[in-house]
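Engineer: Sending over a structure as structure tokens; questions will come in a sec.
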Amino acid sequence: MAAKVIDGKAFAAKLREQVAGHVARLKADHGIVPGLAVVLVGEDPASQVYVRSKGKQTVEAGMASFEHKLEDSVSEAELLAVVEKLNADPEVHGILVQLPLPGHINSDLVINAIDPAKDVDGFHISNVGLLGTGQKSMVPCTPLGCLMMLREAHGSLSGMNAVVVGRSNIVGKPMAQLLLGDSCTVTIAHSRTKDLAEVCRGADILVAAVGRPQMIPGDWVKPGATVIDVGINRIDAPERGEGKTRLVGDVDYASCAEVAGAITPVPGGVGPMTIACLLSNTLVATCRANGIAEPEGLTA
Ligand SMILES: NC(=O)C1=CN([C@@H]2O[C@H](COP(=O)(O)OP(=O)(O)OC[C@H]3O[C@@H](n4cnc5c(N)ncnc54)[C@H](OP(=O)(O)O)[C@@H]3O)[C@@H](O)[C@H]2O)C=CC1
Ligand SMILES: Nc1nc(=O)c2c([nH]1)NC[C@@H]1CN(c3ccc(C(=O)N[C@@H](CCC(=O)O)C(=O)O)cc3)C=[N+]21
């Protein structure tokens, strides 16, 4: 049986449209324009692509987009000064510092310098703590996008066995928190997990956030399970011509799609939802900063 393909691109377009509607109302009723600032350090071409498409979609949603490109050699103090300036800027409601940062910069220090109310990535320790204790917080965009797709596919997730492969602070851990919040029985697997194949086979919901191209084969997937592929890996694609590349996820799509009940593709799955959730978080941050009731259904 072939899996149902979860269309993240279409879901994200719907979510962005919803956000744009709320943004228009904020402008009309309160004269407020949500603003998102993105800080990019260095010249990594893949990162520049994300920053560009984020900027474009921000403007399309009716928000203000601010971009700060800094040299690879920027000092930690200079970067912290940029963050401080954005914290104090009333036109900026959301701040995203693109990760990873160059090795000479302490990422934790920079992330924790962001005003938690403007931390639309949800990476600040106080947002992490709020999420972990089930309190209102800013929720990391990638896991939030995954949760939205899972809820759409299943309605209630209560009692399902969820396996998250990967334990990073930006994807794996917050994903596990959100699934636990929806009453899944959650297992977090990582590079030291024993018999990963068998652990994965127990999953009704399998989330792959590993960073290894096509690592998870179809015979690790329980028949009928829902597979969420967070991985974004660029691999050589000589079949498309010399020097060509293509994007693949952390699961082997062809074999997993034969066994799974539903699966997200790469591209067109989790990635577009991440950006849509970033816009949604910026809207939510703007509402909270101005004491305006936030729209329902946009947070976890
Ligand atoms: N779609 C989107 O919007 C986004 C996509 N991504 C993509 O998601 C993927 C994961 O990103 P991120 O969480 O930042 O990555 P990290 O490199 O920070 O974390 C990877 C995790 O995978 C685990 N891992 C590595 N190798 C294995 C293995 N052989 N078996 C089991 N576990 C393993 C690591 O374990 P250990 O801790 O033991 O080292 C680690 O916990 C990447 O492909 C990234 O590009 C990331 C962010 C957003
Ligand atoms: N502070 C911070 N927050 C992040 O959320 C963050 C980050 N740093 N660093 C990098 C990762 C990666 N990430 C992606 C977002 C969207 C797509 C996306 O939209 N991908 C498209 C394809 C894009 C293409 O074709 O290149 C898709 O999957 O369909 C991918 C990757 C956010 N990240």
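Indices start at 1 and increase along the chain as displayed.
Glycine too: its Cβ is placed from the backbone N, Cα and C atoms.
These came from TrEMBL, pasted as-is:
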- 6-121: domain 'Tetrahydrofolate dehydrogenase/cyclohydrolase catalytic' (DOMAIN)
- 140-288: domain 'Tetrahydrofolate dehydrogenase/cyclohydrolase NAD(P)-binding' (DOMAIN)
- G166, R167, S168, I232: NADP(+) binding site (BINDING)
Engineer: Which binding-site residues, if any, among G166, R167, S168, I232 have a Cβ under 6 Å from ligand 2, given in order along the chain?
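Structural biologist: Near ligand 2, sequence order: I232.
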Engineer: Within 10 Å of the Cβ of G166 (NADP(+) binding site), how many other Cβ atoms are there?
Structural biologist: 23
Engineer: Would you give the longest CA-CA distance, in whole angstrom, between residues of G166, R167, S168, I232, the set recorded as binding NADP(+)?
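Structural biologist: If we measure all Cα pairs in G166, R167, S168, I232, the largest is 16 Å.
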Engineer: For S168 (NADP(+) binding site), which DSSP three-state class applies?
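Structural biologist: Note: S168 (NADP(+) binding site) is coil by DSSP, not helix or strand.
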Engineer: For the binding-site residues R167, S168, I232, which one has its C-beta crowded by the most other C-beta atoms within 10 angstroms?
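Structural biologist: Result of the Cβ crowding comparison: I232.
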Engineer: Restricting to the domain 'Tetrahydrofolate dehydrogenase/cyclohydrolase NAD(P)-binding' (140-288), report the mean pLDDT as a whole number.
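Structural biologist: Average per-residue pLDDT within the domain 'Tetrahydrofolate dehydrogenase/cyclohydrolase NAD(P)-binding' (140-288): 98.
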Engineer: Tally of helix, strand and coil residues over the domain 'Tetrahydrofolate dehydrogenase/cyclohydrolase catalytic' (6-121) according to DSSP?
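Structural biologist: Reading the DSSP string over the domain 'Tetrahydrofolate dehydrogenase/cyclohydrolase catalytic' (6-121) gives 60 helix, 19 strand, 37 coil.
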